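Undergrad: Annotation source TrEMBL lists GTP binding site at 12-18, 40-42, R306, 332-334, 414-416. Look at TrEMBL and you will find D13, G40 tagged as Mg(2+) binding site. The annotation IMP binding site is assigned in TrEMBL to D13, E14, G15, K16, N38, A39, G40, H41, T128, R142, Q223, T238, R304. Taken from TrEMBL, the feature active site, proton acceptor applies to D13. The active site, proton donor annotation in TrEMBL covers H41. Among the features that TrEMBL reports, active site is placed at K139. Taken from TrEMBL, the feature substrate binding site covers T300, V301, T302, G303, R304, A305, R306.
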Amino acid sequence: MPSVVVIGSQWGDEGKGKIVDYLAQKADAVVRYSGGSNAGHTVVVDNVAYKLRLLPSGILYHGKTCFLGNGVVINPGVVLKEIHDIKAQGVDISRILISDRAHVVLPYHARLDELQEAALGSAKIGTTKGGIGPCYMDKAARTGIRMCDLMDAETFAQKLRIQIDAKNELFTKIYGVEPLTYEEVLQEYLAYAEELRPYVTDTGAALAEVFQSGKSVLFEGAQATFLDIDHGTYPYVTSSNPTAGNAATGSGIGPRDIDHVVGVVKAYTTRVGEGPFVTELQDIDGPGHHLRETGHEYGTVTGRARRCGWLDAVMVKTAASLNSIDYLAITRLDILDNLPKIKMCVGYKYKGEEIKHIPASLKVLAEVEPIYEEFEGWMSDITGTRSYAELPLNARKYLERLKSVTGVEIGIVSVGAARQQTIVLKELL
Ligand code: GDP
Ligand code: IMO
Ligand code: MG
């Protein structure tokens, strides 16, 4: 009956969806605990790619309970579309549970996200513009509207009135744009409420029952450690805590209920959106270009080109400490197949001196230089490899070095998007 948290160790898009889908074979429940539809998790099963934004990746199996915990912010239109689309693809949707404490993303949140980004100009965050930040702003300001409010037409109508009036003040007086129409939003959301009602419940209580009955639970992280509002490259972060500690708070379990933490690590680094990136490759025809094109590094949610760079083992080591990672899951190792030389950043230098920790100040971080080690590439196709021993020696040398820099065991190596393209070194469930 173990419980395992799967988190991103870099800036997102590490392949959390693929790893959760793989591990979910042996899990009874899968829980999303943070973020919202800013996440885009692609899971490939039998050559079909499923693009999930809010639904946990366990949804693709029959009979697993899929939770959207209290820490998630939910755009009803997005989640309902996801449910309809996935149902049309023949997936069982009867086991979805949505927290009555989760906050609801409303049209004014997305509108504010756009306006705030535009106002920042060249200092913009590069958000997914879905209103995730403004929804968490309302949550922290204690003016948010929760699923339990949406389920009660009278409460929702009252709370929405107050919020629309306040947001319209901002829209018209500060941003000089048209106000939103209360009645339109009200009717749209009351219709969503009826469709969502069968799924909405006290997920904390439901999850406690799952734990009590000795079942195994997977927690699916969204975003990643360096997008965490406390531990990431602030302000170029998301507005929630994707790190493993929030798996407890964001789902209503206690911290001692977590047995293992798997840190998903892409074999190189990518980032979508603005902000510092120590190992970024800005070439137009070198290894950075190779990684982007070979790896099809374009965002699932926004289609934006992802910035690419060498693997930063300092970040992974820091992520290991911040999340209590006990196993790494390395993904997309196959994308490095045709690179004759591969670099890994094993340390940071600032003003000529080696520094041990990632600086909080972005001004300092901008001046940090990576200390690289160079590896011989393996120059062969590893996508058919099914055991660690079968991997080319140079690939194993690269992985062993990551293990020694971070001090963390490798539990999984992924060599392709499909379920079977997964090498398991440690069974966790
Ligand atoms: P997530 O947000 O962390 O779930 O990651 P994304 O789904 O946004 O991006 C990861 C992409 O890599 C997806 O398209 C996956 O299907 C794909 N993927 C995952 N693991 C592997 C792998 O080992 N090799 C390859 N080539 N693709 C992978
Ligand atoms: P998954 O779960 C990669 C980034 C955005 C932006 C910043 C803030 O698929 O790994 P937001 O819309 O959250 O306010 O944007 O965070 N971002 C992600 N980048 N993967 C994600 O999710 C992300 N979710 C948010 O690009 O830089
Ligand atoms: Mg993604």
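Glycine is no exception: its Cβ is also placed from the backbone N, Cα and C atoms.
TrEMBL annotations: computationally assigned, not manually curated.
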Undergrad: Near N38 (IMP binding site), which of the binding-site residues D13, V301, T302, L333 can be found within 10 Å, Cα to Cα?
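TA: Within 10 Å of N38 (IMP binding site): V301, T302.
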Undergrad: Based on the record's binding annotation for IMP (D13, E14, G15, K16, N38, A39, G40, H41, T128, R142, Q223, T238, R304), what whole-number value in Å is the widest Cα to Cα distance?
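TA: With D13, E14, G15, K16, N38, A39, G40, H41, T128, R142, Q223, T238, R304 as the binding residues for IMP, the largest Cα distance is 34 Å.
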Undergrad: Binding-site residues T128, T300, G303, R304: which have a Cα within 10 Å of G15 (GTP binding site)?
TA: none
Undergrad: Which residues, sitting 6 or more apart from H41 (active site, proton donor) on the same chain, put a CB under 8 Å from its CB?
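TA: Result: K16, G17, V20, K51, L52, R53, S57, E220, A222, T300.
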Undergrad: Want to know which binding-site residues, from G12, T42, G303, A305, R306, V415, are within 10 Å of Q223 (IMP binding site) at Cα; which are they?
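TA: Final answer, ordered: G12.
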Undergrad: Could you state the whole-number distance in Å separating the C-alpha atoms of V415 (GTP binding site) and A305 (substrate binding site)?
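TA: Pair distance, Cα basis, whole Å: 22 Å.
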Undergrad: Ten-angstrom check, please: count other Cβ atoms within 10 Å of the Cβ of V301 (substrate binding site), all chains counted.
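TA: I get 16 for this one.
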Undergrad: Reduced to three states, what secondary structure does DSSP give K139 (active site)?
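TA: DSSP call for K139 (active site): helix.
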Undergrad: Within 10 Å of L333 (GTP binding site), Cα to Cα, which of the recorded positions T128, K139, G303, R304 are there?
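TA: None, since no candidate lies within 10 Å.
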Undergrad: What residue among the binding-site residues G12, G15, G40 has the most other CB atoms lying within 10 A of its CB?
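TA: When each Cβ's neighbours within 10 Å are tallied, G12 tops the list.
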Undergrad: Whole-number Å only: compute the distance from the Cα of A305 (substrate binding site) to the Cα of D13 (Mg(2+) binding site).
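TA: Answer for this pair: 12 Å between alpha carbons.
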Undergrad: Restricting to the same chain and to sequence separations of six or more, state which residues have a Cβ under 8 Å from that of T302 (substrate binding site).
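TA: Looking at Cβ-Cβ distances below 8 Å from T302 (substrate binding site), excluding near sequence neighbours, one finds T128, K129, V272.
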